[in-house]
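Just below is one structure, and these are the notes that go with it.
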Amino acid sequence: MILRRLVLAGSLLLATAFTSAKKADSPIITATRFDHEPINLFYFGDSDVVMLQDIKNGDVYVSRDAGVKWDMVNLDGLKGQALSLWSHPTDRTKAYILGKAGKHWVTNDQAKSWHEFSADVEFFQSLYPLVFHGKDSDRVLLQGQKCFGRDCKEVTYYTTDGFKTVDILMENARGCNWAVSTPIFGDGLNLSKEVNDRIFCIVPGLQSPWSDYNRLLYSDRFFKQDPGTEAPLDSGRAVSGVVRTASVKKYLLAAAKSARTSELALYVTDDGSQWHRAEFDGHRVEEDAYTVLESTNYSIQIDVVAETPSAPMGRLFTSNSNGTYFTRNIDHTNRNSLGFVDFEKIANIQGIILVNTVKNWEDVEMSALVEKKIISQISFDDGRTFQPLKAGKHDLHLHSVTHLSNSGRVFSSPAPGLVMGVGNTGGHLKDYYDGDLYVSDDAGITWRKALDEAHKYEFGDQGSVIVAIFDEGRTGKISYSLNHGKDWKEASLPDGIKIRARILTTMPDSTGLKFLLVGSAKKDSEVEHYVISISFTDMEERTCGKDDFETWPARLNEKNEPDCLMGHKQFYQRRKADVDCFIKKKFQEPVPQFEPCKCTVEDFECDFNFIRSTDGKSCVPARNLPVPEGACKKPDDKYMGSSGFRLIPGNACIREGGVELDKQIERVCTDTLTVPVSGEIAVQKTFFTADNYKGYFYLERKDSSKGDDETVIMITSELQIYITRDHGKIWKEIFPGESITRIVPHQYFDDVAYFLTNSGDGWYTLDRGENFRTFKVPIPPNQDKLPVLSFHPERRDWLIWTGAVECKTRGPQCHSVAYYSTNHGSEWHFLMQYVRRCEFIKREARGSSNNLVFCEQFENENPLNHHLQLLSTDDWFSEKKVHYNNILDFATMQEFIIVAVRGEKPQDSLSVGVSVDGETFAYADLPANVQIPVQRAYTVLESRTHAAFLHVTVNNIEDHEYGSILKSNSNGTSYVLSLSAVNRNTYGYADFEKMQGMEGVAMANVVGNVADVEKGAAKKYRTMITHNDGAEWTLLSPPSKDSEGRDYSCSTKGGKPTDKCALHLHSYTERVDPRDTYSSPAAIGVMLGTGNVGEYLTLKSEADTFITRDGGITWEEVKKDKYQWEFGDSGSIIVIVPESRPTKTLFYSLDEGKSWKEFQFSEVEMLIRDISTVPSDTSRNFLLWGNEVGNGKKPGIATVNVDFSNLKERHKQCVLNEEKPEADDYYLWEPIHPFQPNGCLFGHRAKYHRKRPDRDCFIGRELQHLDSIGDICECTRSDYECDYNYEPQIDGTCAPVPGLQPLDPKLICMEDPKAVEWYEPTGYRRIPLTKCEGGKQLHHIIPHACPNKEEEFLKKHPGLRGVGLFFVVMGPIGLAAAIGYYVYTRWDGKFGRIRLGDTGSGGFFASDSLFISIPVAIVAGVVAVATALPLLASSLWRSVKGYARVPGGSSSQRVYSSRAAFAAQRADYVGVVDDEDELLGAEDFDEEENDDRGQV
């Protein structure tokens, strides 16, 4: 495959052949001229048949005499249609031509005949189109994409009979692999037939298309009647975030990356069934920062990028035989930015490796501007030790893989022991053009100069012939040697041709006497391309006899004796260097001979469950050892167990008389447990020399991250900074005396945080506080309370720094300046001045450039005019684009960019600008009766369900604020009213919260006495809930009885809530810490809250605590009084502690709140200010934050770690079998819509893993809760919401907004050139989240052809012609008139309202009847159209809850860029940090970014 990257060309046109004069003592050279450069040249194995391709016109050529003569492949339909040419990697008879128009061709007889097959697929560069089975060459996967206009989706085909038949395997797969992907996969393991059929595919998550949610599915039946099973990558569990798979030798690898970290987890299997996580000797593996190298049959070689922000360097690791434990071989390997590593194994000789390393690595780590000094080293013992290359007494350095100059291997070939390279002697490697050609004929032990200047080279006849050609410019000759490169002769190219050599190659096994040279020549102003055949077959050389060969040892030890590796010595019969003969054994590769050795220490590796000790001399347990049957009745018992070693599988050493490291030894039973089970909850209290804490945040380890730390960082009221790596058991002060004034956690990567001083300089960590590095900034921080650091969502090391210059006197010349860095601040570059803020805009949902940056800049660089422009660039403002000239602010979310745009006049309403790609903006259509006066505000609530939610202020009088929630369509441009009178506070934050982990469930608090509030009365609140993403809202159903078994004072109606009797909960605006949400993404279906049952929400001091386990449909009272709560172990542990009153005890539940146990955590009463755990809620540790207040109290703030890890009920790991998910400790839970009798929610039935509440076990690392999306349901009214210019009524109906002028529904034809039709409005639109199919299509009823699209329209609707079309068009008009009159005179007073509520069967004119709904819409005369950007089909964002606020005029409250800043109370931060985002700020109070819920 390297070849098809190296030879990038136009195309070929066969022209003329030239042949040099035949001489008995020199090779025959034949040149064939082409008009364009050839690509995709390859040999069929064990043959002289060669193929290449003309990329310009798609022609394919074949030669059957090793390149002397060429013929075009003539096939019906092939002319001009070939896209690419591929050879089969293991079958020497097969090749493939992939075409442009869905037609493709395969040969099974080395291009003698071709078979055409069809597959509707387009190909793209990021995916290999052909994936081959390792042992059956007829089994092939074909991967690409299908495109319908701009809408493309991946598609994978498969064949089991060599493309005689082709079937679709799967759509939307992001890469598939056969389990048996190499010829040696599973050798010696007796694989079942199922594994031979097994295919692994990376597919999108069930609820999200983002790569962080990718799943790895496998099927043994080609996904037929089998949706696939998730691969149990991690201890039997599925893992999300799988980004790629790869096969090497006998291993299959899968790489996974969790959200909010750049660290990868690598999983390995050698049988396609059992997977293990690879461990890299404590080293982190970063995304796009590892390279799987050429490996052996018994280990994997991987180069991992060293943790440096500057020039790429790596560390070389080698695995044990099952690929699970990797040992470091050598540091500072040379890499390039493309991931290529200077590493090569010498062909067909075990254990010899040639690498390049960076000599001045310390200087390079300090600065990216330092040029690397590269040196070459070689290992003769499989990478255990390395030594310099020697040319005489001098060190030799050779150019390697990062500077490829030819196809195929860099140094070696199948010719035994012959190695060549271009380089120089001296202290380090120089430029390629300063190098000479060197050769070794003893596998790299000694080297000598072969030719001056750089040359391309190739081996033939098992090394009897070496051919070289000058590689520093044009030449008219070749050089060749017949004695291992000692002496050289020259031969001229025919007809005086002088070419620039591109490729010099020969047959893959290097056993022939023919070579191919590809190059280009200049003739006048034209470029000519040549394929030149070089043949030594007719030279007057005899055939070698027995005496012409020597037994050559492939490896020598330090005593110059044949060396042992993998239990044997290796030898070859090799032609002596100085004999005059050719071997002439064409297609017969040299066969190694082996001599067994006695077993030594090197023949053993660490056994399962063991890893190398620090000194590398022994193997120590890596985890709890399994308890032998019947052993370990007592802790002090002993048993016979593994020594920690095992013989490397495949090792052939002689046991007798050798070392026996794998002999069982006596072990004590304490080895089977790392920590004794106490059965009790552990407590650790720590006091600090400060009265309070200013804030804290978690640097959470993600599933793909190594280690087991639970890191928390706290800043006290005395500005001391502490860190704990074990969740508060041991705290350590960091940066004492350094005057840290800002702590900035990375907005998108939880491993990273910055600690800054007033000057802006400081420290940062990339590994959750394990190490800290210094950080330098280009200018001091700004003094305008603007965020100083902005982060890239996908590139961890890309930063924008907003500082200030000329500010010593704070005069008018003081202004902000933005700089950017792409290497963690090692280098800074000017971006823009007079900015308010700049942000990277790249999101996975957008196809935009990584470099896309938005900046708010004062117009004409003049802050006094108060006009902020919104600008963008994708080239660091070499060029810029102005989107808006006068904005208030903008908010970036995963799916949308929303801009608050000022009107031309001060009294004008704010406009909403929306973009989904960061390039094209459109104004959003808000309901006509919803305006945003300048002096008011709107709040961007969230955008993770294909729709944006805005809270628009209606009343902004202090203490009387409320507004309306608007919901957008899927591209954010058309909004409808979702809920009125939603409460907000003075700072603009609304009582609205999405339930985490479940689709479409949200709660909001509304003002229940709006009319009185408008007259000055205090607000009274009610809590509402939606189960269909805001389309319908209802009150919360109260419990039937309280926690003491007593009835409530009010009564419901048939178990349903009423205006007088419902459950009401205190919401977002009343929280001290905004991280204290109702729900957790880890505890599916469970929510807790404090409130009361009645007509309205009462005082918080009167609140009790409630829980729901079914997503908010039913509730129970947990305890009287108000409690703080936290979920642990994905909800299998719930802890509550009294709020605002002293206590010594907490309560915990192990069964989702059905029962509670009391636990005393302190001898002295404490006032607990907060309870916390890791943001994912997966830990069994909790932290209580508070002060002692009782008798014997100690001064200062204290933390109390409460550890449930040793609780006997939570010490055993729960078992989840992905193939039988309900067989063990889990069951499948299906959420339902409370008004849907068929159990459908958003058009499908989803099933979630939930732990059985009665099982005594712990869940552990984050569980993929969503198991499957089952049946897709037919569409019903619950899958629709009110369309634009319709609004919901109190009774659940939808009515047109009075007095509106209808929009033109034909706009869709103008906005989307591909649109064929437009539809008459019905008042309905699909909920963006729904997956329903068929059923009631309430949004698309009556179609009309777009102008000039009548023909396409009729093809789409072939029955609509002539009279039939007349009746289809005219019939509904007459029918609408008749039914409209009937409705007008007979209906129940709800004329024009379309109910989206319960689906009943009320007959012909039932309120849910499609027949009545449509005429009502027509008579109402309301036209709804989405003025949509044709940009985004569908997307989904995870559960994040940040705010980004756009305030009103000068009298409005000051901007809080996040709810964290609001919640932390700004006054507490004065003197610590100059802007809201910095100290534990906008992004630190949980994983919640300022990226998704924005107050604007």
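Cβ atoms here come from the backbone N, Cα and C positions, even for glycine.
Per Swiss-Prot, the features are:
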- Asn190: N-linked glycosylation site (CARBOHYD)
- Asn297: N-linked glycosylation site (CARBOHYD)
- Asn322: N-linked glycosylation site (CARBOHYD)
- Asn971: N-linked glycosylation site (CARBOHYD)
- 377-387: repeat 'BNR 2' (REPEAT)
- 480-489: repeat 'BNR 4' (REPEAT)
- 1363-1383: transmembrane segment (TRANSMEM)
- 1410-1430: transmembrane segment (TRANSMEM)
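Here the features listed in Swiss-Prot are placed on the structure.
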residue : record                      : CB count, 10 Å
Asn190  : N-linked glycosylation site : 7
Asn297  : N-linked glycosylation site : 15
Asn322  : N-linked glycosylation site : 21
Asn971  : N-linked glycosylation site : 27
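Broken down with DSSP, the repeat 'BNR 4' (480-489) shows 0 helix, 3 strand, 7 coil. Between the C-alpha atoms of Asn322 (N-linked glycosylation site) and Asn297 (N-linked glycosylation site), the distance comes to 10 Å. Within its own chain, the repeat 'BNR 2' (377-387) has Cβ neighbours under 8 Å at 296, 299, 301, 316, 318, 329-330, 350-357, 443-445, 555-557, 563, 565, 602, counting only residues six or more beyond its boundaries. Non-local neighbours of the repeat 'BNR 4' (480-489) in the same chain are 26-27, 418, 420, 439, 441, 448, 450-451, 463-468, 536, 541, 577-578, 580; each lies 6+ residues outside the stretch with a CB under 8 Å from one of its CB atoms.
Asn971 (N-linked glycosylation site) is 53 Å away from Asn190 (N-linked glycosylation site) when you measure Cα to Cα. In this structure, the CA atom of Asn297 (N-linked glycosylation site) is 52 Å away from the CA atom of Asn971 (N-linked glycosylation site).
On the 0 to 100 pLDDT scale, the repeat 'BNR 2' (377-387) averages 89 in the predicted structure. Mapped onto three states, the DSSP output places Asn297 (N-linked glycosylation site) in coil. Sorting the repeat 'BNR 2' (377-387) by DSSP state (H, G, I as helix; E, B as strand; all else coil) yields 0 helix, 4 strand, 7 coil.
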